[in-house]
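Asker: Would you mind keeping the following structure in view while I ask a few things?
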Amino acid sequence: MSTVNLTMAILLGGLYAGGFYLILQRSLMRILLGIVILGHGANLMLQLAGGPPGRPPMVGDAAPAMMTDPFPQAMALTAVVITFALTTFLLALAYRAWLLLGHDEVRDDLEDRRIRRLERRLAESEEDEEEMETEATQ
Amino acid sequence: MTALVALPVLLPLMAAGLSLAFGRFADIQRVLGLVVLGAIIVNAALLLYVADVHGPIVLQLGGWPAPLGITLIADRLAALLLLVSSVVTFAVLIYSIGQRVADYGRGTSSTTFHPIYLMLCAGVSLAYLTGDLFNLFVAFEIMLSSSYVLITRRTTATRVRPGMTYTIVSLTSSILFLTVIALVYAATGTVNLADLAQRVSELPDGLQSSLGLLMTIVFGVKAAMVPLHFWLPDSYPNAPAPITAVFAGLLTKVGIYAMIRTQTLVFQHESTWQLMLAIALLTMIVGALGALAQDDLNRMLSFLLVSHIGYMLFGLGVYDIAGLTGVILYVVHHITVQATLFLVSGLITRHTGTVALSRMGGLAKAAPLVAVLFSIPALTLSGVPPFSGFVAKLALLQAGVDAGTWAAYGVAGGAVLTSLLTLYAVARVWSRAFWGRPQEPAGDPDPSDELVVGTGTTSPAMMVASGVLAATSVLIAVAAGPLADISGRAAVDLMHGETYRTAVLGGGAGG
C-alpha cells in the first residue's frame, strides 16, 4: 500500500484546521464557510483513499495497474452533492436569521440567558438590601 | 420476497413526491401519509417474522454481487427496530395531523410537512436496513436533512438559534463520518459491512482501535452520549411537540443502532469494554442530574433522554449476549416511551400555556386524561414494575452483575441510582404540574415560553395518538417474554457475525 504524499497531507491538515477554526466563530456566514472548507477536506480525503492523484479512473485510458480506484470517486461525487445541498440550506437559514434578527450571529443559549437573568435579579435584590441597611443606619 | 426489504425505503420516498404534488389537498396528503406508514408497519412485522424464522433477508441492489454493490439486509435487530420505529412514526403523524386541525381547522394544508416527514421515515428505514457503511452515511443524510427542515420550519426569532445549533453540530458530525469512511476505505478497500468485518480484523491492532474509536465519536454525537450531548437539550425542546417526539424517539436511537452494528460486526471486542462503561456511567449521571436542575418541562425530558442513552451504552459496554439482549430490549422500550412523553408534554403545554414547571398546577383536575397519559410513560421510564422499563432495566442489570468485573458492578450501581433520580424527576413534574392549584400567568414570562405554540384546545386525534403509544409501551411489557426471546436471538446473531456475513457474502465467501 502506497503512502499519501506530503503535499496532500499538509493540504488536508490545512483544510481541516481552517474549517474547524471557522466553525468556532460566531457569525453564521463564517460557520458556513467553515463547513464548506471541511466538506472539501473530507472529499479530498475520500479521493486520496482511492490512490495517488492524477491517475484516470476510467477503463481504457490507462493500463489497469496505472488506474486509480473509481469507487471513492463515486462516493466523493455523492458527498459533493450532499454538501452542496446542505450549503444552500445553511445559506437560506442564514438569510432567514438575518431577516428575523437583523444579524446572523449565533446567540447565547437559553441556559446562559437564564443564568444571566438570575444574576441580574440577585444583584438587584442585593442592592435593595444594601439600601435598606443604609436607611436603617441613617 | 426480497422486495420486502426495499419497500420501507421506497414507499415513503415515492409517497413524499406524490405528497408534494398534492400539496394543496390536505386530506389526500394525510390519507397518503397514514396509508404508507401503516403499510410499513405491516411490512416490518412481516420482515421480523421472516428474519426470525428463516434468517436474514438480503437484497443486492441492481444485482451487483456483495462487496461491489449496495446491500440491503434485514436481520432480527434491524426488523425489530424498524417495526417499533414505524409504530412511532405512524402515531406521531396522527398526532401532528390532530394538532394541525386543532390549530388551523381541517381544510388547510401545510404543503411541506408531509413530504418532509415521509423523507425522514425513508431515511430512518434505510439506516436500519443498509449493509453498507457509505449507504449508512447517505441514510443519515436523508434523515438529518429532513430533520433540519423540520426543526427550522416556520422559524420565529427565538427558534432560529436552536435550529442553527442543531444543524451545525449535525453537519459537523456528518463530515467527520465522511472522514472516517475515507480512512476506513483507505485502510481496507471496502465499505460493505460484512466484508469490512473480515478485512478490519486483518489490520494492525492500533489502526483497528483508532478507527473504532473515531466511529464511536461520530455515532456518539448523533446518539448524544456525554460529553458529546451538549447540543441536544438546547435544540430538541424548541421544535413543536410531535417533531421533538419523533426526533427524541428515533434519531438518537438510530445513532445507537449504528454504534451497536459497527461495534459488534466490524470492530469486535475481546471482553467488557471499560471505556464504554465509563462513558455510560457518565452519561447516566450527568443526564439525570441535568434533568433535576431544569424547570422547563421539555428541557427536563431532553436531559432524561440523554441520561437513558447511558443505559444502552452500558449494555454495549458489557459486551456479551446478555448485555446486548438488554440493549435491544431497552432501545425498543425507550423509542416508544420517550416519544410518548414528548407528545404528552405537548398536550400539557397546550393546557397550561407555559413550559415552566413552577407555573403549572392543578392539571389532574383540569385534564385527567392527560394525567393518565403522562403517568404511564413516566412510570415506565423510571423502571417501576410491571411496566416495560422494568423488564429492560432488569435485563441490563443482570447482565452487568453477571459480567462480574468491578467496572460493571459500578455502572450497575449507577444505573440503579439513575433510575431513582429519574423517578424523582418525573414525580417532581407530577407534584408541580398535576397537583396543587392552577396558577395565574405571571407578568414576567420565562424566556422559553416564547416557544410554546397553540394553547387551549386539543383535538381527539392528539389524545388517541398519545394513547396508542402509551398502550404500545404497555403492550411491550405484556409481550416481554417473546420479545426477550427475539432480542436474545438477535444478540446471539450480533455476537457471532457469521450469520450476517454468510447472508451477505454467500456461503464460503470470505473476501
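Cβ coordinates are placed from backbone N, Cα and C, and glycine is handled just like the others.
Automated prediction, rather than curation, is the source of TrEMBL annotations.
TrEMBL lists these features:
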type: DOMAIN; residues: B:131-417; note: domain 'NADH:quinone oxidoreductase/Mrp antiporter transmembrane'
type: TRANSMEM; residues: B:31-51; note: transmembrane segment
type: TRANSMEM; residues: B:77-97; note: transmembrane segment
type: TRANSMEM; residues: B:117-144; note: transmembrane segment
type: TRANSMEM; residues: B:165-187; note: transmembrane segment
type: TRANSMEM; residues: B:207-232; note: transmembrane segment
type: TRANSMEM; residues: B:239-260; note: transmembrane segment
type: TRANSMEM; residues: B:272-293; note: transmembrane segment
type: TRANSMEM; residues: B:300-321; note: transmembrane segment
type: TRANSMEM; residues: B:327-348; note: transmembrane segment
type: TRANSMEM; residues: B:369-387; note: transmembrane segment
type: TRANSMEM; residues: B:407-427; note: transmembrane segment
Asker: Using Cβ atoms only, state whether the transmembrane segment (B:31-51) and the transmembrane segment (B:117-144) have three or more pairs under 8 Å that are 6 or more apart in sequence.
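Answerer: They do touch: at least three Cβ pairs between the two stretches lie under 8 Å.
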Asker: Which bits of the chain, at least 6 residues beyond where the transmembrane segment (B:165-187) starts or stops, bring a Cβ under 8 A of a Cβ in it?
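Answerer: Residues 133-134, 137, 140-141, 144, 147-148, 151-152, 196, 200, 203, 207, 211, 214-215, 217-218, 221-222, 231, 234-236.
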Asker: Taking residues 6+ outside the transmembrane segment (B:407-427), which of them lie with a CB under 8 Å of any CB in it?
Answerer: 272, 274, 277-278, 280-281, 284-285, 287-289, 291-292, 300, 304, 307-308, 310-311, 314, 317-318, 378-379, 381-384, 393, 396-397, 400-401
Asker: Please determine whether the transmembrane segment (B:239-260) and the transmembrane segment (B:117-144) are in contact (criterion: at least three Cβ-Cβ distances under 8 Å, sequence separation 6 or more).
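Answerer: Touching, yes - the transmembrane segment (B:239-260) and the transmembrane segment (B:117-144) meet the threshold of 3 or more Cβ pairs under 8 Å.
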Asker: Should anything in the same chain at least six residues away from the transmembrane segment (B:77-97) have a Cβ under 8 Å from its Cβ atoms, list it; otherwise answer none.
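Answerer: Sequence-remote neighbours of the transmembrane segment (B:77-97) are 8, 30, 33-34, 37-38, 40-41, 43-45, 47-48, 51-52, 113, 117, 120-121, 124-125, 128-129, 240-243, 245-246, 249-250, 253, 257, 260-261, 328, 331-332, 335-336, 339, 343, 346, 461-462, 464-466, 468-469, 472, 486-487, 490, 493-494.
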